[in-house]
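Novice: As listed in TrEMBL for this protein:
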type: TRANSMEM; residues: C:32-52; note: transmembrane segment
type: TRANSMEM; residues: C:64-83; note: transmembrane segment
type: TRANSMEM; residues: C:89-108; note: transmembrane segment
type: TRANSMEM; residues: C:115-134; note: transmembrane segment
type: TRANSMEM; residues: C:162-181; note: transmembrane segment
type: TRANSMEM; residues: C:212-236; note: transmembrane segment
type: TRANSMEM; residues: C:248-273; note: transmembrane segment
type: TRANSMEM; residues: C:285-307; note: transmembrane segment
Amino acid sequence: MPANTTPCAPLLDVSGATVRFGGIHALTEADFTIAKGSVTALIGPNGAGKTTMLNAITGMVPLAGGAITLDGTDIAGLPPQKRAAAGVVRTFQNLEVFTSMSVLENVMTGRHALTRYSITASLLRTPGFRRAERACRDAAMDCLEFVGLAEAADTPAGDLPYGKQRLLEMARALAAEPKLLLLDEPAAGLNSKETAQLGDLIRAVCDRRNVTVGLVEHDMELVMAVSDHITVLHFGRPLAAGTPDAIQANPDVIKAYLGEDD
Amino acid sequence: MFAGAPQYIVSGLTQGAAYGLIGLGFTMIFNTTGIINFAQGEFVMLGGMLSVCLSVAGLPLPLAIVAACLATAVIGGLMERLAIRPLAGAPPVNAVIITIGVSILLRGGAMLAFGKDTLALPAFSGVKPILAFGAAIQPQSLWVLAVTLALLAALKLFFTATIQGKAMLACACQKKAASLVGISVARMALLSFAISGLIGATAGAILAPITMTAYDVGMMLGLKGFAACILGGLGNPFGAAAGGLILGILESFGAGYVSSGYKDAFAFIVLLLLLFVKPSGLFGKAGVERV
Amino acid sequence: MKRPVIGQSVVQAGLFLLLLLAVPAALPNEYYLSICILGSLNAVIAVGLNLLMGYAGQVSLGHAAFYGLGAYATAIATTRFGLPIPVGMAAGVTLAAAVAWIVAAPTLRLKGNYLAMATLGFGIIISIVFNEAVDLTGGPSGYVGIPRLALFGYTFESDRSYYTLMAVVLALVVLVALHLMKSRTGRALRALHVSEKAASSLGIDIAAHKRFVFVLSAALAGLAGVLYAHYLSFIAPASFGFSFSVQLVVMVVLGGMASVWGSVAGAFFLTALPEALREFEDIDILVYGAILVLTIMFLPDGLAGGLKRLGRKLRRVGVDHAG
């Protein structure tokens, strides 16, 4: 079904989003759309409000104004866990891996909302429970294989090296079968080889798993390589939006980035 | 309706000043080490008990008190060295359990050394009440308030005018940064335990003439001190002092107008309601969480 | 891959039950049996508290209150109101769970030391009520004349029979805890312990899960309280105060956070320790404190962690010898 939809139909539509911390405007009437089936990047100089935008979309900071719709449904009023159930799942800039659990358990946790059985069923180990747990485990293993971590399934997640923890977060988010996967600086702390692999993986998420991707990232090489569409934020306001080529040629964007080495 | 209010305020302030000092001790240790020291109440007990025993042994009262406070400071330092420091790297809850263990040790030791009797310290300057504002004020109450104020002023001076004090504040703000600029976090931890011992013991000594003392008074006093610093907002030393005063007054009014049996319950109910409304205490900053 | 019909946890809990049932044969007299009964009661509470503290990461310094609520509720229901014992027991567990449910919403929003303070304050308020509501609870001198447990026409008259009951109850509680932790609920609780942000971003309702585990652990404490009251037939507020709350936390930490077996070990260890120290007479409390400090110092991950490491070392030695 997602493959047939026109690429320009917006999956996520943020319009006029305003977020304030005390007196500071972190976002001012910012618009941001992500087309279904695309990889859309959100870029901008430090402090432009990129992570705040992700937090607003996932319900982790309150909106002072504006609207957020996913697939046409208003999600702005929902708490984070309901937005996740509605199909928006994210990763974190500062890793938030469940370090006390195994790699596989981390990913199985990602399927929390999709694994349905009562607590009584889990206590009695009913056939329904066993079936649901097996399905959960299989789906989680599939996600681990997809990101290339299947070998490490039983390793304690805290023991994974940094780069692999990033992959684990991605597998965990994918396990939730999101409509929209939001990645917050997934290349931070990765070396160039790992970054290139990450780029391939992001494209595969979009093309092979049919998951729309929203990407906040500093690494311009990665952004330009994987994105279908780019939105630029500057001081909490949208500055430009367009294809990678158009953005690279946009004089406003060049000006905003001037003096910033990336 | 408000009959006796001035009296309740006076007794509340007296008791509250002591709670504030105990809370201050909690805050000192929490700020440098991140540990809630459940042995804090035992420092208070030691201050009172040692003062009584040394004065009974023939030392003049002021000297006995000073010696008791210094001895407790040393015990505080030893506690950090022997029981807390070897734990570095373990989860904080382990350190808290260690402080519970140490409090059992101190209580047990005090019971062996001083016996199970309730002891009294003579009031510092007689017991002839002073009548003012419609209340009879015990001279000892004035002592408690004066010593508390003096200690607060001394601490303020310590934090703002001495290099050690500033280093300690730096530790509280940013442990890593502090160690980067050459502050020994371990030494600050030692110092904070010693100072907490000193403050706790002082509270115990000045309170002992009013409430008497025994080997087992530490736990309840420690709880009140913990409540005081939570009420004020954990990490803020002067918030803890203010929290203590508020707690003391709440208790005193609770005992006067509600019932003496329920006075502690009354204070804790107000504390809980406050926490529900302001989850990080009265003067605590709401934690800004970065996502 | 075909899974066995009887799960690993069932086998473990079954073996544990057999072990518990074998214990009385090794005991010299009835006195030790009563310590074992108290140990199992404490283990029931500790396992529940560990679900809350060790797995979900929410401290409670007031769990003795739920233990007391269970005990007093059944005591009052069965004597003053003359209700049948099963009804009293149900009332005890329900009261503990209901109070926990009410307290949970505002309390579990607090974090860390503020949560510790709130639960501590709650525990103290309840224990003051036990002391002061003399008409209802008998006050500080206690509540007497609670009937010995009788279910379905069978009275658990002897300590031996009561111990057998406790062994079954404890094994069942352990099984519930093991099964719960190996399910989506268990994963959600462990997840929110590490990162509430990440957990909620994956669709986990943090508040609902915290409340669930709080109520469950309170209900288990209430169950232990009910069984305690019908065992001793006498209860007093001193058993349900702050000291006992702290002791419960120590059982969990000493046993090993996030280890069901650790909590069982911690509970039995701390219940038996004071009895074992009786011969030291006056200095028993000193030795108790010292053992507590030293255990945490040398076993930072508790008895469970220590045993695990010992097992690993032994295995390595075995391998070395074999090779």
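Positions of Cβ are set from backbone N, Cα and C atoms, glycine also.
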Novice: Please figure out which one of C:32-52, C:115-134, C:212-236, C:248-273, C:285-307 racks up the most CB pairs under 8 Å against the transmembrane segment (C:162-181).
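Specialist: Comparing C:32-52, C:115-134, C:212-236, C:248-273, C:285-307 against the transmembrane segment (C:162-181), the winner is C:32-52.
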Novice: Given the transmembrane segment (C:64-83), which of the listed stretches C:32-52, C:115-134, C:248-273, C:285-307 has the most Cβ pairs that are under 8 Å apart from it?
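Specialist: Answer, by Cβ pair count: C:115-134.
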Novice: Determine which residues of the chain contact the transmembrane segment (C:285-307) at the Cβ level, with the cut-off under 8 Å and only residues 6 or more beyond its ends counted.
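Specialist: Same-chain residues near the transmembrane segment (C:285-307) but 6 or more away: 250, 253-257, 259, 261-262, 265-266, 269, 273-274, 277.
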Novice: Within this structure, do the transmembrane segment (C:89-108) and the transmembrane segment (C:115-134) have 3 or more Cβ pairs under 8 angstroms, counting pairs 6 or more apart in sequence?
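Specialist: The transmembrane segment (C:89-108) and the transmembrane segment (C:115-134): touching, yes.
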Novice: Please identify the stretch among C:32-52, C:89-108, C:212-236 with the greatest number of Cβ pairs below 8 Å relative to the transmembrane segment (C:248-273).
Specialist: C:32-52
Novice: At a C-beta cut-off of under 8 Å, are there same-chain residues at least 6 beyond the transmembrane segment (C:32-52) that contact it? List them, or none.
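Specialist: For the transmembrane segment (C:32-52), the far contacts come to 20, 23-24, 58, 60, 63, 67, 159-160, 162-163, 166-167, 169-170, 173-174, 177, 180-181, 189, 213-214, 216-221, 223-224, 227-228, 231, 248-249, 251-252, 255, 257-260, 262-264, 266-268, 270-272, 275.
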Novice: How about long-range neighbours of the transmembrane segment (C:212-236): same chain, 6 or more residues beyond its ends, C-beta under 8 Å?
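Specialist: Distant contacts of the transmembrane segment (C:212-236): 37, 41-42, 44-45, 47-49, 51-52, 55-56, 58, 60, 63-64, 66-75, 78, 85, 88-89, 92-97, 99-101, 103-104, 107-108, 140-149, 156, 162, 165-166, 169, 173, 185, 189.
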